[in-house]
Amino acid sequence: MRSDKIKKGVEQAPARSLLHATGQIKSPGDMDKPFIAICNSYIDIVPGHVHLRELADVAKEAIREAGGIPFEFNTIGVDDGIAMGHIGMRYSLPSREVIADAAETVINAHWFDGVFYIPNCDKITPGMLLASVRTNVPAIFCSGGPMKAGLSAHGKALTLSSVFEAVGAFKDGSMSQEDFLDMEANACPTCGSCAGMFTANSMNCLMEILGMAVPGNGTTLAVSDARRDLIRESAFHLMDLVKKDIRPRDIITKDAIDDAFALDMAMGGSTNTVLHTLALANEAGIEDYDLERINDIAKRVPYLSKIAPSSSYSMHDVHEAGGVSAIVKELVDLGGAIHPDRITVTGKTIRENVADAKINNTDVIHPKENPYSPVGGLSMLFGNIAPKGAAIKVGGVDPSVQVFKGEAICFSSHDEAVEAIDNHTVREGHVVVIRYEGPKGGPGMPEMLAPTSSIVGRGLGKDVALITDGRFSGATRGIAVGHISPEAAAGGPIALVHDGDIITIDLPNRTLNVDVSDEVLEERRKELPKFKAKVKTGYLARYTALVTSAHTGGILQIPEDLID
C-alpha cells in the first residue's frame, strides 16, 4: 500500500507514535488497512458548504465499514456570490490553485491510499479535480448538493440570479422595495449550492460524465436523505478503486474531457466550466486541447435542458425529470455524441450507469428528437478581438438574437462599467467592452455578474451586449461574451478597441470582430501603454506573475528556465 511509506518498518516508529495520537488508530490491525483522506471544504460563510462537516462524518463511518481508516482534512472555499462586485472577487479564481496546491500537499505529505473529495461550490470542485489528477491517487467525488429553489410571495420560483437581476430592476424603479426585500429573503431557502445551472452545479453535473462521481451527484438536493446515501455509496466505491488501483488518470482521458463538454452543451452549463475543464485537461497531461475542438463538439450535440438562469427550472426540477443520467442517456442513444464505454468510479461504464435512466418530464429535459436547439448551449467565438477565442452561453441569449452589431463603449474596469450602466450612459445598441479584468489584468479574472444583471434587469437583455476578458457567473444571461483571449494585460487586441468602433457578434458563424483594419489596430498598438500589475504584494502579486490567459484555462505557467 502507498501508506506503508509512513507506517511500516522500524524507521517509521515515530510516525506510528504520532498516528496513534490522532485517535484514528483504534486497534493494532488498523495499521494494515488503507489510509483514506477525506478532503473536505466545510466553511461557515458559504451556504453550499455549511453542511459538509456532517457529510464528512457519514463518509468516515462508511469508509470504516468498508475496511479503511479515514483521516479528514479541510481546504478553503470562496463564495462567489458574497465575494461579487468588490476586491473579494479577485480571489475567487486564484482560490482554485490554492485548493489544488493544498490538497496536493496534504495527500503527498502523508502518502494516503485513496481520497474522498467533498466539494460543492464554484472553485472548490475544479480545485480538487486538479489535485486529483496531479496526485493520481485513487479518488472519488461526492459534492454537497444543490439547495432548493426559493419562492416569492407571488409564487414565482427564485434562484440567486433572480436577486442579482432584481438589483437592476429596483435601481431602475421597475420593482417595489417590498418585492425586492421579499426576493432577497426567500431566494436561498436552504443550504446547498445555488439552485440553478450555475458554475457549482454545472461542475458537479460534469463530475458524473467525467466518471469521477456516482449518478445523482449533480442534482440530488443537499437537504435530502438521498444525498447522505450517495456519500455512503461513494465511500464503498472508493474502497474498490483503492483495491483495484484505478486512478484518476485512468478515468479522466481525452475522451472524458470531450464528453464533459458534450454534457455541458446538452445542459447549457456555465461558461466557467470551459475554463476549468481546459485547466483539467492540461493538468491531466492531455495535449492540444483547444477551443476549436469544443466548437466541433457543440456542432454534434443538441441542447436538451434549459435551466435557470436560462429558464425558471431549478436543479431539483432536473433531478425529478430524470437527472443528469437522463440527459446522458439521450446522448448515448444519439450515437456519436459521447464515448459511452469509458470506465467510471462505479466500476461500470457510462453506458451501464445510465442504462435504466429515462426522462420523466419532457418540459425540463427535452428528448433528443425535440431539442431546444440542434447545437449545444455553449459556443466559442473567434475573430480579430479574440484570436485565441472567447466563450458565450448561447442558451442564455434570446433566440431572436443571432447577430448583434453595436457601438463599442469601453471601460478598463468592472466598477467603471457598472457606474455607466447605472447612470444610463450605456444605452440600446451599445456593446459594453470591459478589459483589463482577465486572469492577469484583474487580477483573478473577476466575474462580471453585476453589469450583466443590471443590463438584463433594466430590460436591455436583447439590446445591449457585453464583451470582456473577464468571466461571468453561471447566473449570467444575455448577450455576454467572456474569456476573450489573449487578455488585454497580455497585449490582446481587446485592448485596442476604441469608443465608437462597430463590433459584430455573429452566433451562427461563431465570430467576434471589430470593424477596424489590421493596419489601424497595429497603429493603435504602438500607442498602447505597458501593462502594470495592479497588486504588488501577497498571493495576488505572485498569481499575476504566473497566470496565463483564458484559452489555457487560466493555469499558472512555471517559467521555462526552471523546468528545462
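Every residue gets a Cβ built from N, Cα and C, even glycine.
Copied from Swiss-Prot, the annotated features are:
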type	residues	note
ACT_SITE	Ser473	active site, proton acceptor
BINDING	Asp80, Asp122, Lys123, Glu447	Mg(2+) binding site
BINDING	Cys121, Cys194	[2Fe-2S] cluster binding site
MOD_RES	Lys123	N6-carboxylysine
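Here the features listed in Swiss-Prot are painted onto the structure.
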| residue | record | CB count, 10 Å |
| --- | --- | --- |
| Asp80 | Mg(2+) binding site | 27 |
| Cys121 | [2Fe-2S] cluster binding site | 28 |
| Asp122 | Mg(2+) binding site | 34 |
| Lys123 | Mg(2+) binding site | 29 |
| Cys194 | [2Fe-2S] cluster binding site | 31 |
| Glu447 | Mg(2+) binding site | 31 |
| Ser473 | active site, proton acceptor | 30 |
Environment of Asp80, Asp122, Lys123, Glu447, the listed Mg(2+) site - residues of the same chain whose CB lies within 8 A of the CB centroid: Val78, Ala83, Met89, Ser92, Leu93, Cys121, Thr199, Asn272, Ser473
Coarse DSSP state, helix versus strand versus coil, of Asp80 (Mg(2+) binding site): helix
Top Cα neighbour of Cys121 ([2Fe-2S] cluster binding site) in the set of recorded positions Asp80, Glu447, Ser473: Asp80
Glu447 (Mg(2+) binding site): secondary structure state under DSSP, collapsed to three categories: strand
Lys123 (Mg(2+) binding site) and Ser473 (active site, proton acceptor), distance between Cα atoms, whole Å: 12
Cα distance (Å, whole number) from Asp80 (Mg(2+) binding site) to Cys194 ([2Fe-2S] cluster binding site): 11
